[in-house]
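Straight from TrEMBL, the features:
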DOMAIN    216-281  domain 'GH3'
DOMAIN    316-388  domain 'GH3 middle'
DOMAIN    432-501  domain 'GH3 C-terminal'
REGION    105-125  region 'Disordered'
SIGNAL    1-23  signal peptide
Amino acid sequence: MLLWPLLLLLLLLLLLLLLPTLALLMQQRSQDARLSWLAGLQHRVVWGALVWAATWQRWRLEQSTLHVHESQQQALRWCLQRAQRPHCSFTDISTFRNHLPLTKASQTQEEESGEQPLPPTSNQDLGEASLQATVLGLVALNKAYPEVLAQGGTARLTLTSPWPQPLPWPGNTMDRVGTRGTKDPRALLLDALRSPGLRALEAGTAVELLDVFLGLEADVEELAGAIAAGNPGAPLPERAAELWEALEQGPRGLALRLWPKLQVVVTLDAGGQAEAVAALGALWCQGLAFFSPAYAASGGVLGLNLQPDQPYGLYLLPPGAPFIELLPVKEGTQEEAASTLLLTEAQQGKEYELVLTDHASLTRCRLGDVVRVVGVYNQCPVVRFIYRLGQTLSVRGEDIGEDLFSEALGRAVVQWPGAKLLDHGCVESSILDSSAGSAPHYEVFVALRGLRNLSEENRDKLDHCLQEASPRYKSLRFWGSVGPARVHLVGRGAFRALRAALAACPSSPFPPAMPRVLRHRHLAQCLQERVVS
């Protein structure tokens, strides 16, 4: 069944390779006209191939989501058949669950060790899911914003891409703005700044894009000088003046002043990105839509975004490989659910932890990513990712989850006059040995815009908001078992240094996931050393 699609794709690739030869036949045209014709034809052929591939992938997705139970059974059989272990002859789901107990991924190992505790999916699994997310996402984006994928309409500002899978054709045939194959993020930014007609910006993740805009403000003199110098024989002094003028008006709406035709920002959604999306949307990218083609976690692509115009952060859980199960999360209790559920058994409004099975290690891994079911597509759940279990704060068993802490911090920042939250990180006091002579507590590091100093009154507001959000925390604070949260304001570049340290770890989940609770001293010290207030 896959033979015809593969043959058609090979024919399209062959046509792309022959295009330079066809261009030579047009000797009567000028060289510039031939190159323009060739670029246009390449773009049309590539786009035609992309639309065809998306149509094929959409048909497969429709069939699998209409018959979810059968699709999951098939995914499980495929996984078991490819496993290299002797006890994998069972194909019944109940027997499968009985023979393979759930395993938790170790947050400590993920952040720092040289070992990956569990590769939830194989490279091939990730390729299939990633390709589906990419081709469906590109076509959906073009449908919602018809001009953003035109020639020269898009620029990528980071070395990482928001599209989970590179497109399977040679060269930069989609004609994005930027130097091909560059490993210099500064070159990507300069190429984008030299192109005022952009309609879409791409970045690997929202926190990476936040770093780009903060770096643009810090390095404006150097960047403006490079733009004014231009390419050899093509100086751009007017564009450099426009850059200065745009930045002098402040961060709010900067992207639209630099690129007046801009419509959408494309980033890959993952854990710890919501804060950066909110900061970008309120300041630099104000007035622009945000689109993520997929949700990515330690298990690869977990959710597909098929509708760019729907509220940000809603994803379809696909029923194919990798094999996904749902572990019910019991609110207000540490008791774990007895058994997992299949996708068809999910109930709207309920929360579940995702469980993935990998054929290479044949391990049922609890990823720690918790989702809430908010809708249904055919027979498949549509979910919103809520929080990560590995990002819980607990110094006396109070268990302050990622979502609860972020909500409390947001309420506190609103009470800080003129402040806009850009980034934050939390550390339990034992990590930094800062609880000597006092009760254990949280060390909270924040990056702000609009506020250069934090008064003691403002610092105390976070602790009050945490007590309002968590009765358990309030009780521990009342009895003195837990000390007040200590808030520190960090300087420019602190979180960029943290992300550099995270990226240097061989098995770090960043990118795409951004940890908000730091478990290791050297990571916490990246922020502690840059405290300004």
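Numbers run from 1 along the shown chain.
Backbone N, Cα and C atoms are what each Cβ position is placed from, and that goes for glycine too.
TrEMBL labels come from automatic prediction, so no person has curated them.
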Taking DSSP helix as H, G and I and strand as E and B, the domain 'GH3 C-terminal' (432-501) has 31 helix, 13 strand, 26 coil
If you average per-residue pLDDT over the domain 'GH3 C-terminal' (432-501), what number do you get? 94
Its residues classified by DSSP, the domain 'GH3' (216-281) shows 38 helix, 7 strand, 21 coil
What are the DSSP helix/strand/coil residue counts across the domain 'GH3 middle' (316-388)? 3 helix, 40 strand, 30 coil
